[in-house]
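S.K.: For reference, the structure I am asking about is given below.
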Amino acid sequence: MQTDSSFTFVLFGGTGDLSMRKILPALYEAHRAGMLAASGKIVAVARHEEDRDGYLQWVNEHVKAHVAKNGVDENAWASFIARIEYVKLDLGNAEDFVKLRDAMQDLPSSRVFYLATGPSLFVPICRALASVGLNEHARIVLEKPLGYDLRSSNAINDAVGEIFAEEQIYRIDHYLGKEPVQNLLALRFGNALFEPLWRREWVESIQITIAEELGVEARGDFYDNTGALRDMVQNHLLQLLSIVAMEPPHSMDSDSVRDEKLRVLRALKPIDPREISRLAVRGQYHSGVIRGTSVPAYATEPGVKTDSATETFVALKVEIENWRWAGVPFFLRTGKRLADRVAEIVVNFRAVPHSALGASALRAGANRLVIRLQPNETIRLYCLAKKPGEGMNLSSVHLDLAFDQFFKEGQMEAYQRLLLDVINGRLALFVRRDEQEAAWKWVEPILNEWAASGKPKPYAAGTWGPAAASAMLAQHGTCWLEEEN
Ligand code: BG6
């Protein structure tokens, strides 16, 4: 659906990795699908290319490869390229921002500034934009990580907040743009069926896993100063948790949804530093084999310190202190170089209170909902059924909804949805400052404790992380989903 919202989309970090892999391909897709206003313009900003011709050559060489799995539509590509302007800009040079303002003079006045740069540049860029009056009637998009801890994230938010009002600030968490995460909202709030069961009386435990096969790739330097807790837990995992656990919002408008997520984040049971070893497991991958290929240890990856104590795996037990969830453990887990790439939410319902059908009715593997976010988005409901034949022997069976079979059209990429939302001024899928603060506050005791003592436990690449992550669930009489099979 094409929108009437014309726009000027200014991309700082125009020759960076994120622009190449995600942002420009997503804008191309939106353009190809006719979802961008015809008059909308993209202004790429970078230091490296001299002029527009040089930049377009870079786009042709680097971005095309990341565009459209089904091949590039050359006509659409040509008209996409025609939308792109280029401004060579040195961030330290105030004159260059005047040049940028002048270049935007005749372009549509609804402006988006996308800062696909490191967080240390957010404040200088915002100040320079304000100095030439470009902060007015504009939206600003900030990539994660926004800061390193609560203090540094507050410092950025305070400084950006002096220049842009909160409604102008779009903090990206790309997990919120994923189709399956949207579907989670549809499942929970579009169906009356699950709501009565979605609470402590019926739910025994919930697992949320984001597992990756990839290692740190070319980001060793960044990752070694970040770690899995900051890279994945503080944002993606806590956002997923808040969507799974939130109360039904009044509507889907941005603040109704974000208010409810915030209530969950604020209700997370604070972590007592003395309890951390019981509630949190950290790991770091050693060499191993993934799908038949040997992969090196984290500590030997380029950019990583050989004696690094950075965690590449985290498992946590989390509790939510409210009436709906009191006492229900939420087990969160994420890691690099694990056995599989999978993101899923497992809701384990309680067993029947009394089995008239014999002990097999109490077996594990039933009364469970598995929401697979990626790959292959599926919702699977496990139940018990009678095996054919004599006697009442029960077996676990499942009802499946495979989205790609049901809906033939492909999914929209997270970045495409989020960029369209920014262009159209929809804030619901972006993180509000108070949510971000609540998430930092909750993870901080773990960050501090881990920085002060101990080391991550080793795990071989291609496994599911350190054994301690399994032991943590065993204490609660449960196990991770893959351990059941
Ligand atoms: C990013 C992290 O936010 O999310 C990366 O910085 C991680 O380390 C990525 O690989 C995972 O995203 P996805 O969409 O591939 O699951």
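Quick reminder: no glycine exception, Cβ is built from N, Cα and C everywhere.
Whatever TrEMBL says is automated annotation, not expert-curated.
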S.K.: Please state which member of Glu212, Glu213, Glu319 TrEMBL lists alongside His174, Lys178, Asp231, Lys336 for binding substrate.
M.R.: Glu212
S.K.: If you count the other Cβ atoms within 10 Å of each Cβ, which of the recorded positions Arg47, His174, His236 comes out on top?
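M.R.: Ranked by Cβ atoms within 10 Å, first place goes to His236.
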S.K.: Among Arg47, Leu91, Lys178, Lys336, which binding-site residues lie by ligand 1, judged by Cβ under 6 Å to any atom?
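M.R.: Checked binding-site residues vs ligand 1; nothing flagged, none.
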S.K.: So how far apart do the substrate binders His174, Lys178, Glu212, Asp231, Lys336 get, largest Cα to Cα in Å?
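M.R.: Those residues reach a largest Cα separation of 20 Å.
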S.K.: Just to verify: the residue among Asp90, Glu212, Asp231 with the fewest other Cβ atoms within 10 Å, which of the binding-site residues is it?
M.R.: Asp90
S.K.: Given a separation of at least six residues and a C-beta threshold under 8 Å, show me what packs close to Leu91 (NADP(+) binding site) in the same chain.
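M.R.: The answer is Arg47, Leu121, Pro124, Ile125, Ala128.
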